[in-house]
Ligand SMILES: *Cc1c(COP(=O)(O)O)cnc(C)c1O
C-alpha cells in the first residue's frame, strides 16, 4: 500500500512572490494524509518485519495521526488501538477511527503523559502489539519524510513546513543534507514556545544554519486561532482552490505571506511549501468557519 508516489508539485500565483511552489502532500490520500503517510511508511514496514499485527498509538481527540493509523491498519489487515488523551468524547475524526475498526481507550491526562507505562499496562507482553509514539515520532518517520526531498527539484532556495513534534522537519533537513542541497529549511512551529523543536530535530539529524525556526506564528498555541488567521484561510482557499487546515498548514502559509511582505526573500528566489495535509482539522473548528 505504500507504493512509490510522487505527489504533485505546483506553482501558486501569489501577490508578492513570483516563484512560490507547493508540494501537494495533501493529495496523497484523504485519510492517510500528507506527512502521516510518509511517517507510517517505514513504521509499518518495521512492524511487518517484526511480525506485529496490532498497532498501538496515542493522540488527542482531533489527531490526524490517529485517523491515518486507523486507515493504514485497516488497509493492511492489522488491528489498531489508540489511547486518546482526555475524557470520552466523540467527533468526526474519532468516528472515522472507529469506522476503520480502531479501538479507542480514553485516558486521563495524568496517565496519558507516561505513554510507555500506558502501553505496558495494557499491552505489555502482548506478542503482536507494536508501539507507535504520538504523531508517529520515530527514526522510521524521519526516514520516510526525508524521501519528500528526493521528489523535489534541487534549486529551491527556501523550503517551508509546519511543525508539531518536529519529526517531519527533521526528515526534511536530513533529506536536504543527504542530497547536499543549499536549500534553507524554514520551520513554523504551531505550538507556543516552539524553540523546543530545534532540540527535537537535533535528536535525528545534526543541526546546521540551514535550519531557520520562525516561532512567532503560533497564533496563541496549538489549535488556537485568531480572526486574522481565519480570514486568511478563507481568502487562501477561495483564491487558490486549495484547502488548508487551521492547525498546521494555515500558520505556515500565513508565515510565508508575512515574511514576503517583510522582504525576507530576494527577487527571483525559489520558495516552496510542503502542504502536509491534515484537512480534517477543519472539522475541529467548523463553527468558526460557519458564517
Ligand atoms: C501532524 C501534522 C504536522 C506536524 O508534523 P510533525 O512531524 O509532528 O512536526 C504538520 N502538518 C499537518 C497537516 C499534520 O497533520
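Every residue gets a Cβ built from N, Cα and C, even glycine.
Quantities reported herein were computed from a predicted structural model and do not represent experimental measurements.
Listed in TrEMBL for this protein:
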- 63: active site, nucleophile (ACT_SITE)
- 15-277: domain 'Tryptophan synthase beta chain-like PALP' (DOMAIN)
- 36: N6-(pyridoxal phosphate)lysine (MOD_RES)
Worksheet item: Given the residue listed as 'N6-(pyridoxal phosphate)lysine' and the residue listed as 'active site, nucleophile', what distance in Å do their CA atoms have, once rounded to a whole number?
Response: 11
Worksheet item: Do you know the mean pLDDT across the domain 'Tryptophan synthase beta chain-like PALP' (15-277)?
Response: 96
Discussion item. Name the residue among the recorded positions 36, 63 whose Cβ has the smallest number of other Cβ atoms within 10 Å.
Written reply: 63
